[in-house]
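A.B. asks: Let me begin by handing over the structure; questions about it come next.
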Amino acid sequence: MTTDVRVLRQDDWNLWYDTLIRAFGGVAEASEERELWQTLTECDRSIGVWDGDACVGTAGAFSFRVTVPGGASVPAAGITMVSVAATHRRRGVLTAMMRRQLDDIRSWGEPLAVLTASEPAIYGRFGYGIGTHQLTADVDTSRVRLSVPPGTDDVRLRYAVPADVLDVCEAVYARLVPGRPGMPARRPGWDRLMVLDPESRRDGASPLQCVVAERDGETVGYTRFRVKPDWEPSGPKGTVVLQDLEALDPAAHAALWRFLFDIDLTSHLNARNRPLDEAWLHLVSDIRRCNLRKRDSLHVRLVDVGAALEARTYQAPVDVVFEVEDAFCPWNEGRWRLTGDGKGATCVRTRDSVDLALSVRDLGAAYLGGVSLVSLGAAGRVRELRPGALTEATSAFSSAIAPWLPHGF
């Protein structure tokens, strides 16, 4: 098979995107959804694989900046729209695209690549590690109550048309981004994704609704959600389907969650993609009836090990030599000495004795502070060659706030 990997031309976008849609089952998107993704696609950072006139592979890379421990916003390639035509599976198309992408990202000077995976087993061989997780909750709100903090009743809630309050909601989101690793700063246009509301997204629920939280005339939080009505002989059994919720303080946070718990004619709340450490978990009367499930979210790839490790800060002083294995990006292979603390870090090549040996995949998993190096060591994925080095590095890499990706891309 002879194929050609090339940068996407704007004139080829429709064919390229049709290839992607077919690979994901072939169900056409609403026109407004397709138009938005066309606007967001960065063609000069996207590639297609062509077999003659047929597009048989797709991959893109958004220009993101992602928060890392310490609060810095670090350039990261947001890998997206990856697909291979079913007619060309197991012929090296995906590997060719991953090769081209990582070479390009390195040339752009971006130390990180991140993605969400339709199938998590795919990307480990290319050096991606699972760096964040998310919670889904199915709460029986007829049986669970919230104990709210002082000041909750001082928060005013009001309904608003989602598109009409987009700017104030985005301002709340932007204030939160530096405080949580894994959160991307949303570039212009990405806010529209948050209020996209085609019928195909509703699954029998209402159009998207929005409630904003205010105090003294200032917006301090918001939630966007749908309501899915249902009735049984015993009465209403509707479900609130939460899309997103952000708040600037405990009272606003509690006020919004209490509102969602108490919506008339509903008895369940489905909350998807929430952080592992979210405060509402400590407000509920019965955690078991929240039916929590955890799953992978953001996969992290260190494209430039030295630059990536220097970009974040560390919870405790650290001075450790890593032996990094990276067969797919051999420029990362070898020994790196990381010296850092809460103020900054340096990471340079060294010939000193190795303290810890691990793959770039596992270094990526630990990078945002949500995966413990000790736990990876217990799984045999990190080898400790200097006694005490694993505990030292684990303390340094940890994050007081769980890393989280609030939305897909």
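Glycine is treated like the rest: Cβ placed from N, Cα and C.
Checked Swiss-Prot, it gives:
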type	residues	note
DOMAIN	3-162	domain 'N-acetyltransferase'
BINDING	VAL82, SER83, VAL84, ARG90, ARG91, GLY92, VAL93, LEU94, THR95, SER118, GLU119	acetyl-CoA binding site
ACT_SITE	TYR123	active site, proton donor
ACT_SITE	PHE409	active site, proton acceptor
A.B. asks: Which of the three DSSP states, helix, strand or coil, fits THR95 (acetyl-CoA binding site)?
C.D. replies: helix
A.B. asks: Please report the three-state DSSP label of PHE409 (active site, proton acceptor).
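C.D. replies: For PHE409 (active site, proton acceptor) - judged by DSSP and reduced to three states - the answer is coil.
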A.B. asks: What Cα-Cα separation, expressed in whole Å, is found between the residue listed as 'active site, proton donor' and THR95 (acetyl-CoA binding site)?
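C.D. replies: On Cα coordinates alone, these residues lie 10 Å apart.
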A.B. asks: Compute the C-alpha separation of THR95 (acetyl-CoA binding site) from the residue listed as 'active site, proton acceptor', stating it in Å without decimals.
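C.D. replies: The Cα atom of THR95 (acetyl-CoA binding site) is 21 Å away from the Cα atom of the residue listed as 'active site, proton acceptor'.
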A.B. asks: What three-state class does DSSP give GLU119 (acetyl-CoA binding site)?
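C.D. replies: Going by the DSSP assignment, GLU119 (acetyl-CoA binding site) belongs to neither helix nor strand, so it counts as coil.
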A.B. asks: By a simple count, how many Cβ atoms lie within 10 Å of the Cβ of PHE409 (active site, proton acceptor), its own Cβ left out?
C.D. replies: 19
A.B. asks: List nothing but the one residue from VAL82, ARG91, THR95 whose Cβ has the fewest other Cβ atoms within 10 Å; the candidates are the binding-site residues.
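C.D. replies: Across VAL82, ARG91, THR95, these binding-site residues, the one with fewest Cβ atoms within 10 Å is THR95.
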A.B. asks: Any idea what the model's mean pLDDT is for the domain 'N-acetyltransferase' (3-162)?
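C.D. replies: Averaging the confidence scores along the domain 'N-acetyltransferase' (3-162) gives 98.
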A.B. asks: Roughly how wide, in whole Å, is the group VAL82, SER83, VAL84, ARG90, ARG91, GLY92, VAL93, LEU94, THR95, SER118, GLU119 that binds acetyl-CoA, by largest Cα to Cα distance?
C.D. replies: 20
